[in-house]
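Engineer: Sharing a structure, written as C-alpha coordinates. Questions coming.
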Amino acid sequence: MRTLHVDLGERSYPIYIGENLLGDARWFAPHIVGRRVAVISNETVAPLYLETLLKALQGHEVTPVVLPDGEAYKQWETLQLIFDVLLKERHDRKTTLIALGGGVIGDMAGFAAACYQRGVNFIQVPTTLLSQVDSSVGGKTGINHPLGKNMIGAFYQPQAVVIDTASLKTLPSRELSAGLAEVIKYGFICDEPFITWLEAHMDALLALEPTVVTEAIERSCAAKARVVGADERESGVRATLNLGHTFGHAIETQQGYGVWLHGEAVGAGTVMALEMSHRLGWLSAAERDRGIRLLRRAGLPVVPPAEMTAEDFMEHMAVDKKVLDGRLRLVLLQGLGNAVVTGDFPREILDATLRTDYRALADQLGDE
(Lines of atoms letter the chains of each structure in order from A and count residues from 1; the text may use other names and numbers.)
(Lines give C-alpha, C1' and ligand atoms only; values in the text may rest on other atoms or scores of the structure.)
Protein backbone atom coordinates (compact mmCIF):
# COMPACT_ATOMS: atom_id res chain seq x y z
CA MET A 1 0.00 0.00 0.00
CA ARG A 2 1.28 3.46 -0.89
CA THR A 3 0.24 6.80 0.58
CA LEU A 4 0.48 10.20 -1.08
CA HIS A 5 -0.63 13.55 0.33
CA VAL A 6 -2.40 16.53 -1.19
CA ASP A 7 -0.84 19.47 0.66
CA LEU A 8 -3.49 22.13 1.28
CA GLY A 9 -2.66 23.19 4.81
CA GLU A 10 -5.45 22.33 7.25
CA ARG A 11 -7.44 20.82 4.36
CA SER A 12 -4.68 18.39 3.37
CA TYR A 13 -5.65 14.76 2.89
CA PRO A 14 -4.14 11.37 2.05
CA ILE A 15 -4.45 9.28 -1.09
CA TYR A 16 -4.22 5.56 -0.29
CA ILE A 17 -3.26 3.32 -3.23
CA GLY A 18 -3.25 -0.46 -3.01
CA GLU A 19 -5.03 -3.72 -3.67
CA ASN A 20 -8.00 -4.90 -1.59
CA LEU A 21 -8.33 -1.73 0.50
CA LEU A 22 -12.09 -1.52 0.10
CA GLY A 23 -13.08 -3.80 2.98
CA ASP A 24 -10.48 -2.54 5.44
CA ALA A 25 -11.71 -0.10 8.09
CA ARG A 26 -8.20 1.31 8.63
CA TRP A 27 -8.48 3.49 5.54
CA PHE A 28 -11.92 4.86 6.41
CA ALA A 29 -12.37 5.13 10.19
CA PRO A 30 -9.96 8.07 10.74
CA HIS A 31 -11.87 10.14 8.19
CA ILE A 32 -15.44 9.55 9.38
CA VAL A 33 -16.47 12.18 11.91
CA GLY A 34 -19.86 10.92 13.10
CA ARG A 35 -21.90 7.77 13.41
CA ARG A 36 -23.79 8.07 10.14
CA VAL A 37 -22.54 7.43 6.62
CA ALA A 38 -24.26 7.67 3.24
CA VAL A 39 -22.66 5.67 0.43
CA ILE A 40 -23.38 7.17 -2.99
CA SER A 41 -22.98 4.63 -5.80
CA ASN A 42 -24.66 3.51 -9.01
CA GLU A 43 -26.48 0.51 -10.40
CA THR A 44 -23.32 -0.91 -11.96
CA VAL A 45 -20.82 -0.48 -9.12
CA ALA A 46 -23.04 -1.13 -6.08
CA PRO A 47 -23.67 -4.83 -6.87
CA LEU A 48 -19.92 -5.33 -7.28
CA TYR A 49 -18.44 -3.46 -4.32
CA LEU A 50 -21.04 -2.11 -1.88
CA GLU A 51 -21.09 -5.26 0.26
CA THR A 52 -17.30 -5.22 0.57
CA LEU A 53 -17.28 -1.56 1.56
CA LEU A 54 -19.94 -2.19 4.21
CA LYS A 55 -17.48 -4.51 5.99
CA ALA A 56 -15.18 -1.53 6.49
CA LEU A 57 -18.07 0.54 7.84
CA GLN A 58 -19.23 -1.84 10.58
CA GLY A 59 -20.23 0.12 13.65
CA HIS A 60 -21.64 2.95 11.56
CA GLU A 61 -25.22 3.51 10.48
CA VAL A 62 -25.02 3.33 6.68
CA THR A 63 -27.53 4.60 4.14
CA PRO A 64 -26.89 3.39 0.57
CA VAL A 65 -27.95 5.73 -2.25
CA VAL A 66 -27.87 3.89 -5.58
CA LEU A 67 -28.22 6.10 -8.66
CA PRO A 68 -28.60 5.39 -12.39
CA ASP A 69 -25.28 4.83 -14.17
CA GLY A 70 -23.86 7.11 -16.83
CA GLU A 71 -22.77 10.62 -17.78
CA ALA A 72 -26.31 11.37 -18.96
CA TYR A 73 -27.42 11.31 -15.30
CA LYS A 74 -24.86 13.86 -14.08
CA GLN A 75 -27.57 16.48 -13.70
CA TRP A 76 -29.82 18.35 -11.24
CA GLU A 77 -32.51 15.70 -11.17
CA THR A 78 -30.08 12.99 -10.08
CA LEU A 79 -28.43 15.27 -7.55
CA GLN A 80 -31.85 15.87 -6.03
CA LEU A 81 -32.23 12.12 -5.49
CA ILE A 82 -29.23 12.25 -3.15
CA PHE A 83 -30.71 15.14 -1.19
CA ASP A 84 -34.09 13.39 -1.06
CA VAL A 85 -32.57 10.38 0.71
CA LEU A 86 -30.38 12.43 3.06
CA LEU A 87 -33.33 14.53 4.16
CA LYS A 88 -35.77 11.64 4.41
CA GLU A 89 -33.31 9.69 6.57
CA ARG A 90 -32.57 12.81 8.63
CA HIS A 91 -28.82 12.92 8.08
CA ASP A 92 -27.16 15.77 9.98
CA ARG A 93 -23.96 17.79 9.66
CA LYS A 94 -21.85 14.98 11.09
CA THR A 95 -22.81 12.69 8.21
CA THR A 96 -19.99 11.49 5.97
CA LEU A 97 -20.73 10.86 2.31
CA ILE A 98 -18.68 8.18 0.54
CA ALA A 99 -18.49 8.27 -3.25
CA LEU A 100 -18.21 4.68 -4.50
CA GLY A 101 -17.89 4.72 -8.27
CA GLY A 102 -16.34 6.53 -11.21
CA GLY A 103 -16.02 10.19 -12.04
CA VAL A 104 -19.74 10.87 -12.36
CA ILE A 105 -20.46 9.50 -8.89
CA GLY A 106 -17.44 11.26 -7.39
CA ASP A 107 -18.37 14.62 -8.90
CA MET A 108 -22.02 14.40 -7.83
CA ALA A 109 -21.37 13.03 -4.34
CA GLY A 110 -18.73 15.71 -3.78
CA PHE A 111 -21.11 18.44 -4.94
CA ALA A 112 -23.84 17.02 -2.71
CA ALA A 113 -21.39 17.06 0.22
CA ALA A 114 -20.49 20.68 -0.53
CA CYS A 115 -24.15 21.70 -0.56
CA TYR A 116 -25.84 19.54 2.06
CA GLN A 117 -26.34 21.61 5.22
CA ARG A 118 -23.64 23.89 3.75
CA GLY A 119 -20.97 21.22 3.85
CA VAL A 120 -20.41 17.71 5.22
CA ASN A 121 -17.41 15.40 5.08
CA PHE A 122 -16.89 13.08 2.16
CA ILE A 123 -14.48 10.37 1.07
CA GLN A 124 -13.65 9.45 -2.51
CA VAL A 125 -13.53 5.73 -3.39
CA PRO A 126 -12.90 5.79 -7.15
CA THR A 127 -13.46 2.52 -9.02
CA THR A 128 -12.44 3.49 -12.57
CA LEU A 129 -8.95 4.31 -13.77
CA LEU A 130 -10.03 7.77 -14.91
CA SER A 131 -11.46 8.66 -11.52
CA GLN A 132 -8.49 7.14 -9.68
CA VAL A 133 -5.89 9.20 -11.53
CA ASP A 134 -7.84 12.41 -12.04
CA SER A 135 -11.32 13.32 -10.90
CA SER A 136 -11.15 11.95 -7.33
CA VAL A 137 -8.14 14.13 -6.50
CA GLY A 138 -8.29 17.90 -6.22
CA GLY A 139 -11.79 18.77 -5.06
CA LYS A 140 -13.53 19.59 -8.31
CA THR A 141 -17.18 18.62 -7.96
CA GLY A 142 -20.27 19.35 -10.00
CA ILE A 143 -22.81 18.46 -12.64
CA ASN A 144 -23.37 19.08 -16.33
CA HIS A 145 -25.74 21.51 -18.00
CA PRO A 146 -27.22 20.96 -21.48
CA LEU A 147 -25.16 23.93 -22.68
CA GLY A 148 -21.86 22.89 -21.14
CA LYS A 149 -20.02 20.18 -19.22
CA ASN A 150 -19.16 20.69 -15.53
CA MET A 151 -20.46 24.26 -15.59
CA ILE A 152 -22.26 23.98 -12.22
CA GLY A 153 -20.22 22.92 -9.21
CA ALA A 154 -17.84 23.77 -6.40
CA PHE A 155 -14.29 23.26 -5.24
CA TYR A 156 -14.70 20.96 -2.22
CA GLN A 157 -11.93 18.70 -0.97
CA PRO A 158 -12.48 15.14 0.33
CA GLN A 159 -11.19 13.88 3.66
CA ALA A 160 -9.37 11.05 1.90
CA VAL A 161 -9.11 9.20 -1.41
CA VAL A 162 -9.07 5.40 -1.15
CA ILE A 163 -7.91 3.77 -4.40
CA ASP A 164 -8.42 0.01 -4.48
CA THR A 165 -6.67 -1.14 -7.63
CA ALA A 166 -8.53 -4.47 -7.49
CA SER A 167 -11.64 -2.65 -8.71
CA LEU A 168 -10.02 -2.30 -12.14
CA LYS A 169 -10.42 -6.04 -12.70
CA THR A 170 -14.13 -5.51 -13.43
CA LEU A 171 -13.57 -2.43 -15.60
CA PRO A 172 -14.57 -2.79 -19.28
CA SER A 173 -11.68 -2.34 -21.71
CA ARG A 174 -13.27 0.79 -23.16
CA GLU A 175 -13.32 2.39 -19.69
CA LEU A 176 -9.71 1.35 -19.11
CA SER A 177 -8.63 3.09 -22.31
CA ALA A 178 -10.62 6.17 -21.33
CA GLY A 179 -8.69 6.34 -18.07
CA LEU A 180 -5.38 6.06 -19.88
CA ALA A 181 -6.15 9.35 -21.64
CA GLU A 182 -5.74 11.12 -18.31
CA VAL A 183 -2.64 9.09 -17.40
CA ILE A 184 -0.98 10.03 -20.70
CA LYS A 185 -1.95 13.65 -20.14
CA TYR A 186 0.42 13.94 -17.18
CA GLY A 187 3.36 12.96 -19.36
CA PHE A 188 2.39 15.46 -22.02
CA ILE A 189 1.95 18.42 -19.67
CA CYS A 190 4.76 18.05 -17.13
CA ASP A 191 6.71 14.78 -17.24
CA GLU A 192 8.35 13.80 -20.53
CA PRO A 193 10.16 10.80 -18.97
CA PHE A 194 6.71 9.44 -18.02
CA ILE A 195 5.88 9.36 -21.75
CA THR A 196 8.88 7.11 -22.33
CA TRP A 197 7.79 4.91 -19.42
CA LEU A 198 4.25 4.66 -20.80
CA GLU A 199 5.55 3.71 -24.23
CA ALA A 200 7.54 0.88 -22.64
CA HIS A 201 4.70 -0.32 -20.39
CA MET A 202 1.51 0.26 -22.40
CA ASP A 203 0.95 -3.44 -23.11
CA ALA A 204 1.36 -4.24 -19.40
CA LEU A 205 -1.08 -1.47 -18.47
CA LEU A 206 -3.70 -2.79 -20.87
CA ALA A 207 -3.15 -6.26 -19.37
CA LEU A 208 -3.63 -4.77 -15.87
CA GLU A 209 -0.31 -6.05 -14.52
CA PRO A 210 -0.61 -4.99 -10.85
CA THR A 211 2.80 -3.44 -10.22
CA VAL A 212 2.69 -1.47 -13.46
CA VAL A 213 -0.86 -0.25 -12.87
CA THR A 214 0.00 0.83 -9.33
CA GLU A 215 3.03 2.78 -10.53
CA ALA A 216 1.01 4.52 -13.24
CA ILE A 217 -1.67 5.51 -10.73
CA GLU A 218 0.90 6.68 -8.18
CA ARG A 219 2.82 8.80 -10.71
CA SER A 220 -0.40 10.31 -12.02
CA CYS A 221 -1.78 11.11 -8.56
CA ALA A 222 1.57 12.56 -7.48
CA ALA A 223 1.55 14.89 -10.47
CA LYS A 224 -2.05 15.91 -9.79
CA ALA A 225 -1.33 16.46 -6.08
CA ARG A 226 1.64 18.72 -6.87
CA VAL A 227 -0.42 20.87 -9.21
CA VAL A 228 -3.43 21.08 -6.88
CA GLY A 229 -1.18 21.93 -3.93
CA ALA A 230 0.24 24.84 -5.92
CA ASP A 231 -3.06 26.07 -7.40
CA GLU A 232 -6.17 24.67 -5.73
CA ARG A 233 -8.76 26.86 -7.46
CA GLU A 234 -7.32 26.84 -10.98
CA SER A 235 -6.13 30.42 -11.15
CA GLY A 236 -2.90 29.41 -12.84
CA VAL A 237 -0.95 26.18 -13.37
CA ARG A 238 -3.89 23.88 -12.54
CA ALA A 239 -5.53 24.83 -15.83
CA THR A 240 -2.80 22.84 -17.63
CA LEU A 241 -4.54 19.69 -16.36
CA ASN A 242 -7.21 20.47 -18.96
CA LEU A 243 -5.03 19.55 -21.95
CA GLY A 244 -7.40 18.31 -24.66
CA HIS A 245 -10.43 19.06 -22.52
CA THR A 246 -11.72 22.17 -24.31
CA PHE A 247 -11.91 20.29 -27.60
CA GLY A 248 -13.04 17.15 -25.76
CA HIS A 249 -15.86 18.84 -23.86
CA ALA A 250 -17.13 20.21 -27.17
CA ILE A 251 -17.29 16.65 -28.49
CA GLU A 252 -19.14 15.40 -25.40
CA THR A 253 -21.66 18.22 -25.49
CA GLN A 254 -22.29 17.98 -29.23
CA GLN A 255 -22.60 14.20 -29.27
CA GLY A 256 -24.71 13.98 -26.11
CA TYR A 257 -23.29 13.19 -22.67
CA GLY A 258 -22.26 9.55 -22.46
CA VAL A 259 -22.14 8.80 -26.19
CA TRP A 260 -18.39 9.35 -26.05
CA LEU A 261 -16.76 8.52 -22.72
CA HIS A 262 -15.01 11.49 -21.17
CA GLY A 263 -11.58 9.94 -21.66
CA GLU A 264 -12.35 9.12 -25.29
CA ALA A 265 -13.28 12.73 -25.97
CA VAL A 266 -10.14 13.90 -24.15
CA GLY A 267 -8.08 11.53 -26.31
CA ALA A 268 -9.39 13.00 -29.56
CA GLY A 269 -9.21 16.49 -28.05
CA THR A 270 -5.58 15.94 -27.11
CA VAL A 271 -4.78 15.04 -30.72
CA MET A 272 -6.30 18.38 -31.71
CA ALA A 273 -4.19 20.17 -29.09
CA LEU A 274 -1.08 18.40 -30.41
CA GLU A 275 -1.95 19.48 -33.94
CA MET A 276 -2.53 23.10 -32.96
CA SER A 277 0.73 23.18 -31.00
CA HIS A 278 2.47 21.89 -34.11
CA ARG A 279 0.82 24.51 -36.32
CA LEU A 280 2.04 27.22 -33.94
CA GLY A 281 5.59 25.91 -34.31
CA TRP A 282 5.77 24.79 -30.68
CA LEU A 283 5.79 21.05 -31.36
CA SER A 284 7.66 19.22 -34.09
CA ALA A 285 5.85 16.84 -36.43
CA ALA A 286 7.78 13.99 -34.81
CA GLU A 287 6.60 15.02 -31.33
CA ARG A 288 3.01 15.37 -32.51
CA ASP A 289 3.09 11.97 -34.15
CA ARG A 290 4.70 10.39 -31.09
CA GLY A 291 1.84 11.67 -28.98
CA ILE A 292 -0.82 10.43 -31.39
CA ARG A 293 0.77 6.98 -31.56
CA LEU A 294 0.76 6.67 -27.77
CA LEU A 295 -2.90 7.67 -27.53
CA ARG A 296 -3.78 5.17 -30.24
CA ARG A 297 -1.83 2.38 -28.54
CA ALA A 298 -3.94 3.03 -25.45
CA GLY A 299 -7.04 2.20 -27.48
CA LEU A 300 -8.27 5.78 -27.69
CA PRO A 301 -9.95 7.48 -30.65
CA VAL A 302 -7.54 9.86 -32.36
CA VAL A 303 -10.09 11.27 -34.81
CA PRO A 304 -12.93 13.59 -33.70
CA PRO A 305 -16.48 12.89 -34.93
CA ALA A 306 -16.56 13.29 -38.70
CA GLU A 307 -19.87 15.14 -38.60
CA MET A 308 -18.59 17.89 -36.27
CA THR A 309 -17.76 21.08 -38.12
CA ALA A 310 -15.42 23.87 -37.10
CA GLU A 311 -18.51 25.93 -36.33
CA ASP A 312 -19.83 23.19 -34.02
CA PHE A 313 -16.58 23.21 -32.09
CA MET A 314 -16.52 26.99 -31.77
CA GLU A 315 -20.11 27.13 -30.54
CA HIS A 316 -19.40 24.75 -27.68
CA MET A 317 -15.90 26.00 -26.90
CA ALA A 318 -17.31 29.49 -26.34
CA VAL A 319 -18.94 28.15 -23.15
CA ASP A 320 -15.69 26.66 -21.79
CA LYS A 321 -14.69 27.54 -18.22
CA LYS A 322 -11.31 28.82 -19.43
CA VAL A 323 -12.97 31.63 -21.42
CA LEU A 324 -12.09 34.90 -19.65
CA ASP A 325 -13.50 38.28 -20.68
CA GLY A 326 -14.83 36.69 -23.83
CA ARG A 327 -11.42 35.34 -24.84
CA LEU A 328 -10.91 31.63 -25.44
CA ARG A 329 -7.83 30.18 -23.77
CA LEU A 330 -6.43 26.77 -24.62
CA VAL A 331 -3.94 24.38 -23.04
CA LEU A 332 -1.22 23.73 -25.61
CA LEU A 333 2.29 22.26 -25.60
CA GLN A 334 5.62 23.98 -26.09
CA GLY A 335 7.37 20.65 -26.42
CA LEU A 336 6.31 17.36 -24.85
CA GLY A 337 6.26 17.72 -21.07
CA ASN A 338 5.70 21.49 -21.13
CA ALA A 339 2.12 22.78 -21.15
CA VAL A 340 1.02 26.41 -21.35
CA VAL A 341 -2.37 28.09 -21.05
CA THR A 342 -2.77 30.80 -23.64
CA GLY A 343 -5.27 32.87 -25.55
CA ASP A 344 -2.49 34.42 -27.59
CA PHE A 345 -2.77 32.62 -30.90
CA PRO A 346 -3.92 33.63 -34.40
CA ARG A 347 -7.56 32.80 -35.03
CA GLU A 348 -6.61 31.31 -38.39
CA ILE A 349 -4.42 28.72 -36.63
CA LEU A 350 -7.35 27.62 -34.50
CA ASP A 351 -9.60 27.52 -37.55
CA ALA A 352 -7.07 25.41 -39.46
CA THR A 353 -6.81 23.06 -36.48
CA LEU A 354 -10.57 22.59 -36.40
CA ARG A 355 -10.64 21.90 -40.15
CA THR A 356 -7.73 19.42 -40.18
CA ASP A 357 -8.40 16.01 -41.75
CA TYR A 358 -7.58 13.93 -38.68
CA ARG A 359 -8.51 10.68 -40.41
CA ALA A 360 -5.82 11.33 -43.02
CA LEU A 361 -3.36 12.32 -40.29
CA ALA A 362 -3.99 9.06 -38.42
CA ASP A 363 -3.79 7.00 -41.60
CA GLN A 364 -0.41 8.45 -42.56
CA LEU A 365 1.01 7.20 -39.27
CA GLY A 366 0.13 3.64 -40.29
CA ASP A 367 -0.68 0.74 -37.98
CA GLU A 368 1.25 -0.08 -34.85
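Glycine residues also receive a Cβ, built from the backbone N, Cα and C atoms like all the rest.
Reproduced below are the annotations present in Swiss-Prot:
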- 69-74, 103-107, 127-128, Lys140, Lys149: NAD(+) binding site (BINDING)
- Glu182, His245, His262: Zn(2+) binding site (BINDING)
Engineer: Find the one among the binding-site residues Glu182, His245, His262 whose C-alpha lies closest to that of Asp69 (NAD(+) binding site).
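Structural biologist: Closest by Cα distance to Asp69 (NAD(+) binding site) among the binding-site residues Glu182, His245, His262: His262.
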Engineer: When the Cα of Ile105 (NAD(+) binding site) is compared with the Cα of each of the binding-site residues Glu182, His245, His262, which one is closest?
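Structural biologist: Its closest listed neighbour, by Cα, is His262.
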Engineer: What's the CA-CA gap between Glu71 (NAD(+) binding site) and Glu182 (Zn(2+) binding site) in angstrom, rounded?
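Structural biologist: Each residue's Cα considered, Glu71 (NAD(+) binding site) and Glu182 (Zn(2+) binding site) end up 17 Å apart.
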Engineer: On a C-alpha basis, identify the one among Tyr73, Gly103, Thr128, Lys149 that is nearest to His245 (Zn(2+) binding site); the candidates are the binding-site residues.
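Structural biologist: Checking each of Tyr73, Gly103, Thr128, Lys149 against His245 (Zn(2+) binding site), the shortest Cα distance is to Lys149.
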Engineer: Have a look around Tyr73 (NAD(+) binding site) and count the other CB atoms within 10 A of its CB, chains all included.
Structural biologist: 21
Engineer: Excluding Glu182, His245, His262, which residues of the same chain place their Cβ within 8 Å of the centroid of the Cβ atoms of the recorded Zn(2+) site?
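Structural biologist: The answer, listed by sequence position, is Leu130, Asp134, Ala181, Lys185, Gly244, Gly248, Gly263, Ala265, Val266.
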Engineer: Using DSSP, would you call Thr128 (NAD(+) binding site) helix, strand or coil?
Structural biologist: coil
